[in-house]
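Comments concern the structure below.
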Amino acid sequence: MLYPLIRKGIFALEPENAHDLAIKMLHLAGNPILNKLLKALLACPSGNEKTVMGIKFKNPIGLAAGADKNGDAIDGFGAMGFGFIEVGTVTPLAQDGNAKPRQFRIVEAEGIVNRNGFNNYGVDYLVENVKKAKFDGVIGINIGKNKVTPVERGKDDYIFCLNKAYNYAGYITVNISSPNTPGLRQLQYGDALDDLLKSIKERQAYLAQVYNKYVPIAVKIAPDQTEEELVQIADTLRRHKMDGVIATNTTISRDTVAGMKNADQTGGLSGKPLQHKSTEIIRRLQQELKGEIPIIGSGGIDGVQNAQEKIVAGAELLQVYSGLIYHGPGLVKALVEAIR
């Protein structure tokens, strides 16, 4: 009930300033006493347990990557009731990302455009935060490549991050679908994807022996695929026996927001305008994968109805981020109560 008032204050700030403030506040909410108070205030139920990728999730609702890039606010977000939190995207080296301003609201469509460019403090910083977290759910770590790394050497960055994150992650996500790192999406196709996933699976097998535990690896894909590209991606994921696929990242399309303020800003569009596009990708992926690889649905979830649509389409877990900005933590509670 309070969130519409809070949102007015948040939306009076520039989007990135509002985000940074929220992260600082949620970092403070990691304090054990404040964390208990926040949990009591939000009163989110524990939800329905679900086992996916061999992991037991206390409920199927997660926080999407991009919200807590450096793992600074894991316990604060955890108090909202999430079953899992995906931190990152993180790269081997710290990097500033693209020039500001780089986040823009499309308020009338409940959308957000970002061209952040994987701004983060580096994988070592993030891993230290993951190690300190008290969150009782699953923590996923989303990994990417540095902007300065040539695409043809991109797999080196993913392997570097995999080595660093493996022992501390509930699962790891390979992000090859952000539109804001030049050339990154090339890694989704053909021999480039084949080569990358082969290297990642080999390293996963090695690390599983070293640490005596198997940490599942998912791949996050874009929504802007042709039919042929999607079929090819699904086939490659299946051949390499990937543990999961996240559908989807942000879109470069502006079909759903044409003519609106900030619609012409360069970057990836998320939120409600992505809702149907991401659900359709989930549906098509499910048809191709036939349940062999679990799908994590992400993109425009802002209520129980469209969350259910993604489950019906084939998603086993769900992630939210933009919907949280527009609707507040009450969204998490509603989804946790409703989604099985």
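FYI, residue positions are counted from 1 along the chain as it appears here.
Each Cβ is built from the backbone N, Cα and C atoms, and glycine gets one as well.
These figures come from a predicted structure and were not determined experimentally.
Binding site for FMN per Swiss-Prot: A65, G66, A67, D68, K69, T89, N142, K220, T248, G271, G300, Y321, S322, plus N175 from the candidate set N35, N167, N175. All chains included, 25 other C-beta atoms sit within 10 angstroms of the C-beta of S178 (active site, nucleophile).
The Cβ of Y321 (FMN binding site) lies under 8 Å from the Cβ of L63, A64, G66, A67, S270, S298, each of these being in the same chain and 6 or more residues away along the sequence. Each of the binding-site residues R115, K220 was ranked by the number of other C-beta atoms within 10 Å, and first place falls to K220. Cα to Cα, S178 (active site, nucleophile) and N249 (substrate binding site) are separated by 7 Å.
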